[in-house]
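All remarks here apply to the structure that follows.
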Amino acid sequence: MTARRAPAVNRDVLEGMLVEGTAALDLTLTDTQRNQLLDYVALLGKWNAVYNLTAIRDPMQMLIQHILDSLSIVPHLRGRTSARVLDVGSGGGLPGIVLAIVEPGWQVTLNDIVQKKSAFQTQMRAELKLANLSVVTGRVESLQPGVEVPEKFDMIVSRAFADLSDFVKLARHLVAPGGSIWAMKGVHPDDEIARLPEGSRVTQTIRLAVPMLDAERHLFEVAVDDAN
């Protein structure tokens, strides 16, 4: 069966959308960062035809629903010139690759259990020249500091990885002192918040406004008492 190809879109059109979107988010990108993000969209479309990394195949929708969606959390995570970040269930590299591009001082680790997705992530590290990006394959609950990963993380992020309560249970052992868990969600997940495990609590609820996207988006910060 022939793989479906993504429709061709002029790069200038995508760049215009990216410029408009980052302005709406009050983010300033360098020319290099802007080109890296556009290259990432092109590579995601190219690999997606073979590896089915995302159900979204239109480059304009990839830019909106993947790149701008990931960029929408950046203003809320900023405040550290350096940070160790783990992206759990990263899939095609979202939001981790976007974070690594726009925050070169952060050390970003992508995690997924599917080897072909890790292979794509590793390829992106090379293609986009992201020296601050690393990839680890395996279940997040099995990752141990000093073994599979060098140390604990200041921020652990996910984008629709799992139920919020499950995400906290699986990843809390990797939170560094003073660190927290950040979960990107669509509609407000009241039931998931009610099921948060003991010793964890939502400390921030942020309603995200993703440019050009008419959909509900939220970002939750969760603190865990056993981060030590």
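Every residue, even glycine, has its Cβ placed from backbone N, Cα and C.
The feature S-adenosyl-L-methionine binding site is assigned by Swiss-Prot to Gly89, Leu94, Val140, Glu141, Arg159. According to its DSSP assignment, Leu94 (S-adenosyl-L-methionine binding site) is coil. If you draw a 10 Å sphere around the CB of Leu94 (S-adenosyl-L-methionine binding site), it holds 27 other CB atoms from the protein chains shown.
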Residues Gly89, Leu94, Val140, Glu141, Arg159 [recorded S-adenosyl-L-methionine binders]: greatest CA to CA distance in Å: 19
Starting from the Cβ of Val140 (S-adenosyl-L-methionine binding site), draw a 10 Å sphere and report how many other Cβ atoms land inside it. 23
Just jot down the residues in the same chain as Arg159 (S-adenosyl-L-methionine binding site), at least 6 apart in sequence, with C-beta under 8 A of its C-beta; none if empty. Asp69, Ser70, Asp87, Gly89, Leu94, Pro95, Met184
